[in-house]
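Positions annotated as signal peptide by TrEMBL: 1-21. Per TrEMBL, the feature domain 'DNA/RNA non-specific endonuclease/pyrophosphatase/phosphodiesterase' maps to 170-368. Residues or ranges marked as domain 'ENPP1-3/EXOG-like endonuclease/phosphodiesterase' in TrEMBL: 171-368. If you look up TrEMBL, you'll see His246 marked as active site, proton acceptor. For Asn277, the entry in TrEMBL reads Mg(2+) binding site. The region 'Disordered' annotation in TrEMBL covers 426-474. Feature annotation from TrEMBL assigns compositional bias 'Basic and acidic residues' to 448-457.
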Amino acid sequence: MMKNAIFLSMMLLSQLKGINTDHCQWTECQNNNSTVTGCDQHNLVEVNQRPCDGGTRFHCCEPPGGSDFAGNRTRRAGNRVCSKPVIKFAIPKTLNLCLNKAVKMLCNYECIPGYEEGMPNMPCREERGQLKWPERGTCSLKTCPQGPFPLIVLETPQVAEYYNPDMGQFVTVYVVLYNKEKKLPVWSVTYLQAVSDKILHRVDNSYNALKPNGRLCYFYQHPCPELKHLQAKNSDYRNTGWDRGHLTPASVARWSLKATRAVNLYINVAPQDPFTNQGPWKDLEEYTESFSRTQSIVVATGLCLKNAQQKTKADGITVPTCFWKMICFKDEQGEEQVIGFMHKNTKVSTIKEQDARIEEVFTARSQDEILKEVGEMMDPWRTSETSIFKSRGIYVPNTVNPANQAILFPLSLLKCARQTNLSAKEKNNWESGLRSKKRKGEPLTNPKGKEPRKEIVGDPQSSQDSECDSGDLNDLELNNLYQEF
């Protein structure tokens, strides 16, 4: 049967004289044996077909010379649609969505993190009777700042659903201060945007709530030349028992394929105790994200590197002595408040040690307490202020004078920096909320009191990402650029 099908396909191709079979492609499956063929939808010639998943796939080819073919049913594809663009360093899946776009339709492609889109919303254009993509559809390598502590801003194009041309083309995922000597981030700052803000009394399009993509299993190096040989790699973690702990969590940046890759750059992760990373610290991240659904917040997460001497292994990278997190939000009176959390980054194994770690993570602290433990560092609030709200401020149109528009921001990061104390009320609210949350690993014992808590093992990338997405593992270009096995 297979031989007959191949023979039939060859016969059909031979009968279609002059057809350029180099442009042949299998279209998507049609639903429930639909009578509308993919070839008709894309103005291509139907050559042959085959069943798949209860539907049908059609092998379509471009007719010769733009002339009518098959009873004037179709016209040359090049005159009707733009083909899939070819853009080096673009994420392949985003280019696949740009296949066969009609004139004026947009291609919302994305480059791999570290590269910037020349024209992220490029339209299919007609030039001299042919449809083609603009030459500005490119991916350009971004440079990283010089110096021992570069400030790096990770961005994605605005997503089509929320696109506002008055807000610029790009949106910030996170801002990271990086320590080249340690090959680790100092801190990472991100903005979690509320869907319905109870403080500002408004409903917004929240990028953080937009989650069409899953988290990725694999981690990559930032491609900027200034960080070459100054980043961690997979071998620094493999078989060490340390997790790759995110600073800006993977769960808050899923609005696009580029966003999911941006949070998995090594400039945003550090060695972390497996139990803490997969247990109470993850609970803290989830509680913080839940809090942000009704209240916009800015979150700074960082490391204690001042006296860090331990390595993941002899030729590995430094293990930070602690992880910390500070959250800036507005209280019921509309005043900025900052609450902090931290944990010592030592491995825990016994139930007694695990219980102590849970209490340590869930104990709220003032910004002053965090800063005293961390030591001298560049202020995360004021340093990231000019970048963190990019394309995500509150746009206030001026109908009287359109040239004089206003963009408001939900928080003053200058006030966040000044708020070093913590009220007893806010401390109690956060600690009560965290302790009421069902935590991974509980109950501590089974009802008979004999079975210990399930052991959490570090290092394997899939250990904390059992539902992660393998992403573009079959794409050789991305693997060669980012992946180190």
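Cβ coordinates come from backbone N, Cα and C, glycine included.
Source: prediction; values computed, not measured.
The Cβ of His246 (active site, proton acceptor) has 25 other Cβ atoms within 10 Å, all protein chains considered. Taken together, the residues in the domain 'DNA/RNA non-specific endonuclease/pyrophosphatase/phosphodiesterase' (170-368) have a mean pLDDT of 93 on the 0 to 100 scale. A helical conformation is recorded for the residue listed as 'Mg(2+) binding site' in the three-state DSSP classification.
Asn277 (Mg(2+) binding site) sits 9 Å from His246 (active site, proton acceptor), taking the C-alpha atoms as the reference points. Counting every protein chain shown, the Cβ of Asn277 (Mg(2+) binding site) has 24 other Cβ atoms within 10 Å.
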